[in-house]
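Notes to accompany the following structure.
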Amino acid sequence: MHGGCRGGPLRPPGGTSQGGSAVDDDAQQEPVTSGSDKKRADDEHESARAATAEFRIPENVSLTRPDISIRRPATDEAAPESASDDDASEEPAPTPSQGPWYVPLPKPTGEAEEPEEDEKAAAPEAVPAETPAKPESGSAGPTRVEALPVLPPPSQSAPPHSPPAQSAPSQSAPAQFPAVRSSGQWTVPWDGPAPASPAPPALPGPPAPPLEAVAETGAEPKRGRHWLVVVAAALVLVAGIVVGQLARPVPEPSVELALASSHAFPGQAPALPWPSAGQSVVHVDGLGTMGTSGGATPIPTASVAKVMTAYVYLRDHPLKPGEAGPVMTVSPEAAAQIPGRKQRGESILGVTANQQLTQRKALEALMIISANDVAHELARWDAGNAQAFVAKMNAAAASLGMTGTRYTDPSGYHSGTVSTAADQVKLLRAAMNVPAFAEIVNTRAYVPDDGGETREGGNFLLGQFGVVGGKTGYTDAAGGNFVFAARKNVAGVNTLIVGAVMGQKSPTAAGAVNTAGQLVTAAEAALTVATLAPKGARVGRIDDGLGDTTPLRAASPVTVVGWAGLTVPIRVQGDPPREGGPGERVATVTAGAARVPLELGRTLNEPSIVKRLIRLG
């Protein structure tokens, strides 16, 4: 391992050798380089060392000088003391950047102990020594300069683990450098520049706070700001929820049933006295069809078609109960057709030209005595002519679901006007809901306004078996036809029975009327009743949509009418309010034909603000 001289180049006595080459000329001082320059200098040194021969001192040359004492220090001899005891600076270790001619000197006596390896690494780099000059061409031969190891005195060796001595910055004196240089083999006076003293080690400052404390100290303001942001965001969120909940529309209240949704009557369906010919149907309003007989093939209706004529006219020109209505004048054309109608045996009123009839009297003549001439006049008064009115009749039939019905004239005299018993039941049920129609068909005789003769109607069942209306019809093509409506009070429930008997092979409509009487009697006898809840019972409730309910109690006993083998649906209907007092009727429970009002069991209030805020749905 090659060493280097930390001060200046090694100079033999006399300045030069006999070979004409001086040590000062063998090497020149090389400045400290770094990077590429340093690498290039190192390469040059390597090539120079490889090219030069060993350094030999001629035998006839003396290296001693009278003014320089040269001695070889003994191994057990103490190292020379430093020129100044105050110089406690540590000599930096030689580094490759100081050149191959660097020769370390032993530390003077009294210097601090050699530092550990890690402290050596931290010590500042020493000033590089002068690089020896290249030998001249006339030198005695190739030279080889080897680095001389520096052996510290035994008294100065420090134990391996002893800490280096440090001097306080306040007591340190200016750095001193040794007066002599020693290579371990000889000693020469110092004639180079003063080496740079390493900076004194810094005294340990106050202990640094733990990282956790630093983090906590810096995090406190941030944590405070964080909580402020969280609280502000929470307040904004709560405010948004409150505004949103209050702005949402309140659900509409709904009414619910607390009873079973249906009631089944035990037993088998009743066997009614159905006719052997034609078609017949018995229907109980609100319950359904009790039974049918015959087929469903459309057959001529005869004068039963006048039910549709009255229905369409009253729809276009309503009458209040008991009201006579406007006065209409009979056309000369209608009066001119009377002889032909009599000849064909049609049922007529026998109108005359310019005769005046009130709307009610015209409808009574149509439905009670089945006047064909009045049927055509009503069609003309309503639509302008019979064909336009017939179109209205067919449109009304379609709207009622009368799929097996087709009208060709307003009176039904033409055999092209056909229907079924089931379709005629549908029509009569709708017509009986018109008060003026129900009044007219419940009249047994036609009484003219001019004091003429009273004429009895063909429905001789009126007033019997609860029959409250109907219409007869007969033609040779149609046979006897009859549609009827009867009412019966069953345990306080007003029940409407509607039926039709068509296609009876009889000389008049009387055969169909008699058959209808038998059917009405049997149907009324088959009706029975069941009580579902007594008066005041809780049978329903109002739900405000936010989880609160208000009970509904029956204003009267809840009963259902039916017959054996029938299942009756139970429903609750109504448009409940948002608030109301106890006893206020707000809904209705329907059990077949029975309709029972429902009353509030307690005060009904609108949903509170708290309920509106905490609702989830």
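Cβ coordinates come from backbone N, Cα and C, glycine included.
If you check TrEMBL, you get these features:
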- 36-48: compositional bias 'Basic and acidic residues' (COMPBIAS)
- 93-107: compositional bias 'Pro residues' (COMPBIAS)
- 123-136: compositional bias 'Low complexity' (COMPBIAS)
- 150-163: compositional bias 'Pro residues' (COMPBIAS)
- 164-179: compositional bias 'Low complexity' (COMPBIAS)
- 195-210: compositional bias 'Pro residues' (COMPBIAS)
- 299-500: domain 'Peptidase S11 D-alanyl-D-alanine carboxypeptidase A N-terminal' (DOMAIN)
- K306: active site, proton acceptor (ACT_SITE)
- S370: active site (ACT_SITE)
Rounded inter-Cα distance in Å - K306 (active site, proton acceptor), the residue listed as 'active site': 8
Whole-number mean of pLDDT values that fall within the domain 'Peptidase S11 D-alanyl-D-alanine carboxypeptidase A N-terminal' (299-500): 96
Same chain, 6+ residues apart, C-beta under 8 Å of the C-beta of the residue listed as 'active site', given in sequence order: S303, K306, S347, G458, K471, T472, G473
